Each structure stands twice: as structure tokens, then as C-alpha cells.
Amino acid sequence: MFYTTVGKIIKELNLECLTEISGIEERKIKDMNLNRPALQLMGFFEYFDEQRVQIIGISEMAYLKTMTPSQRRDAIERLFQRNIPCVIITSNQEPFEEFLEFSKKYGVPLLRTQEVTTRFMTNLSTFLTHELAPRITRHGTLVNVYGEGVLMLGESGVGKSETALELVKRGHILVADDAVEIRKVSEKTLVGEAPEIIRHLIEIRGIGILDVKNLFGVGCVKESERIDLVIQLETWKQGKEYERLGLHDQYIEILGIKVPTLVIPVRPGRNLAIIVEVAAMNNRQKKMGYNAAKALTERLQKQMSRGNGAE
């Protein structure tokens, strides 16, 4: 199971740590869902998921103010007794002393943000969705071409990196080369990025490692990109039938999501960069509802119908 840590969300979301607890930065978060513990402060813990980050907003704090000191103490202790990853107070509110006391007693990090509850929960949810999403690493190259995320797959040496370099020269954006980390961030969306150690780098045989960001500028690189199209490059195989009309869409399944795919044969003289550009534009056009192959078929059928009618 994938996880992130309290230390990462402190750094990413600029949180203030209100209590000093050993090992706080390594404390694991395994659930991308969040919880506002209104019912739990009332004493109802049925169906309570202890793995979720607990958010104390203005409403929860206002409810605690209506309690007597002994009721408030019991309510806060019941929450901290659970094996929760952390408690975050929003809107820069001052915590009750009981929050600080039981945070230290039970070793549960107590954090605070200046952001309002709704905005903070949106930002934290987005971060956790990315960090905890199912993922795999594929050997390939990911580029942004006319706004379409194109993942190029194929055997080593088939020309993925060279094609990506030519695309960058033509004004497109490199996301990842050689290794692409693919995350399933929703039931319909895959996002790819480069491992941090090789981010913005590209390998060209005969030259070596190139830093695309330094060579071409920050506008030519991107940290992550949605995967809209998969292009599988392969050496041209004599006698193999390749798609010539494009009537029947093909798909590849990655992490349970079907992504449109094309098989592009590679041989000397073919300009792969232009082919990838056109493939990206054509894929975008299909998503907008137009398919050139189907339009041609319809025109042919109409012409044949007119011809049969004339007879």
C-alpha cells in the first residue's frame, strides 16, 4: 500500500507544528480521504476511520466552546485516543489547552494552517490523491504535444528519445524520458511524471545525457502531464498489416484505465516528430467529435447510394 508522511504535508502545505513529538515527520498517512470529526466530538465513533487526517474547522471549534470544561476535555481526549495520523486546525484558530495536552500524551501531531477549511481541504485532498494514487513505472517517454499528453512506448533504441528531442525543438514540452511514473489519480485519469533523479533529462545515444531545461529553457519542460494517447513505436515488420484508415480505435489498459493507442512503424525516412504531432491533433479532434476516417466512409456510402439510385 502506498503512503505519504506527516512531514511531507507539513512541507507541501506550509503547516505549523504546535507540539513537539519525536518521529512526527515519519508518521504515515495511508488514506486520501479526510474527516471533520463533528460526530466524534459528540461521542459517536461508529464507522470512524482512524487512518484519515482529522480537520478541525471553525464549526468544530465553535461546538467545543458550547461544552463545559469537563465535557470538552472528554471529547478531545476520545479523539486523540484513536490511532489517527494527525489533527489539523484551520483558519489559524487558537487550540484549547486540551488539544496540546492530549497531542503530547498520545503522540498525535497537532498542526495548524492559516487557510480557511474548505480551501485547505481541497489542497490537502489534491496532494493526498497524487501521493497515494496507485502507480506503476513504464519504460517510455512522455511529452505534451498541442496540449495532449503523449506516452511513447517501444523497445530501447527505437527512437523515443530522439523523437522527443525533435518535438522539444518544435516547441513542445518534455515531461519524462526513459522512465515514466504513471499514477491513477481518478477512475478515468492517468498522470505521468519523471522520477525526481532524472527529471528534465534526456538520453541521446552518441551524445549522452542532456538537460532539456538548461538547454531549451523552463518553457520546454513540465513536471507532470495527463496521459491522453499512447504511441507504440516498433521497427517496421515486413508483411505486418498496419492501420491505414483509422476506423477502429485501439486501446491499451494501464492500471485498469483504457487509453487510446496507436502502433507506429519506424523505418528510415519517416519523420516521427511530425507523425506524433499529427497523431496528437487527430486524437484531440476525435475527442471533439470528428473522425476523418468515419467522415470518409460516410461520403463513400452516400456516393455509392447515389450511384445505385441512378441505375
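For all residues, glycine too, the Cβ spot is worked out from N, Cα and C.
As stated in Swiss-Prot, the feature region 'Important for the catalytic mechanism of dephosphorylation' covers range 265-270 out of the listed 49-54, 157-162, 265-270.
Once Cβ contacts within 10 Å are tallied over all protein chains shown, the active-site residues HIS139, LYS160, ARG244 are led by LYS160. Comparing the Cα of GLU155 (ATP binding site) with the Cα of every entry in HIS139, ASP178, GLU203, ARG244, these being the recorded positions, the smallest distance points to HIS139. On its own chain, VAL158 (ATP binding site) has LEU233, GLU234, THR235, VAL266 as residues at least 6 apart in sequence with a Cβ closer than 8 Å to its own Cβ. The Cβ centroid of GLY154, GLU155, SER156, GLY157, VAL158, GLY159, LYS160, SER161 marks the ATP site; residues of that chain outside this set whose Cβ lies within 8 Å of it are LEU233, given in sequence order.
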